[in-house]
Amino acid sequence: MDPIKHISLPVLVLFLLLSVSAGQPGTPDQRHDPYAYSGSLSPAMAVVVVVVIAALFFMGFFTVYIRHCTGAVDGSVTPAGGARRRVTNATVARGLDAETIETFPTFVYSEVKTQKIGKGALECAICLNEFEDDETLRLLPKCDHVFHPHCIGAWLQGHVTCPVCRTNLAEQTPEPEVVVETDLEAQQQSAVPVPVVELPRVKFPRSHTTGHSVVLPGESTDRFTLRVPEELRKKIMANWKLNRSNSVFVLPRGGSSRSGKQVDRSRAKSDRWLFRKTPSFLWRNRDDGSIRLGGTGSVRGNSVTSPSGDSVRADRWAFLRNPSFLWRNTTPVPSPRVEVNNKDGEGTSSVQHIGTVGSTSGSLRLPV
């Protein structure tokens, strides 16, 4: 029925009742009695009552209409429930992390092509393409199914099961425990292990309309399965673990840790700095014999004799007074000219005084 008819009918009835009550005159007793109740209603009051009733009626009508249009007539679905359902679905759709995916071994197809069991070609169950000899395969150790690394990587980001056999790849296979029963009398005897009987898991068939598997029930999965001898399988797993361990540790290179360059030890003695600082001269001598430095001091054997008469070891630094300048000796022989005179089996050497840089026998150059 038309909603306007529902609205007009009560309003007309209300107006009729108001007009009838207003047209009835009061009794004489009620007009003279000051406390008597007057049943008359003014027209303004009647209009106010009608407007209020009509407003309430329209509010209820539009409320029902809006709820009907939004599809929430029964009010059973709430926003909180919808948000909770979306969070639950997102949690269920979460797959394996990248570290777990990288633990599955990879190898080149040509390494196992001639040794695999079976004559048929291997295919990737996700892209349904045959493997080429130079392509890399990723093996799932729990079910021996092989895929392209990028194909199975994209699948495992949203799933935790194998796309062929639905094996849960996130579960860790527990090792069977051995229970040993002993008592006081059997402590000296060998323990008897009690075998643990494990019941096989029974999986009920599921509907294939949810997209949890890429292989139809009853379809042959031999072309997706890599069957190789057990020795070759162990070798593949061992090589994969070795490659992963080598990729983590890097051996340091040999050589000097300071400059990274090899040092020519033959020129280490002669190619050094000679420092002259006013009022002293600094020089280190590691040779044997007696060396006289311009009359300022001498070295005999392994000791240095200064003008004051003090002696120090020749392999230490000697400070002598001389003019100050700095040069570097680049020749493989000592820069001062040394004269050797053997007297009584004692080696004596004298060094001419170095007045200028050009007076040395070796090539001396000032540092830039």
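Backbone N, Cα and C define each Cβ position, glycine as well.
Annotated features in Swiss-Prot:
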- 347-368: compositional bias 'Polar residues' (COMPBIAS)
- Ser247: phosphoserine (MOD_RES)
- 342-368: region 'Disordered' (REGION)
- 1-23: signal peptide (SIGNAL)
- 46-66: transmembrane segment (TRANSMEM)
- 124-166: zinc finger (ZN_FING)
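Across the zinc finger (124-166), mean pLDDT in this model comes to 89. With DSSP classes pooled into helix, strand and coil, the tally for the zinc finger (124-166) is 8 helix, 10 strand, 25 coil.
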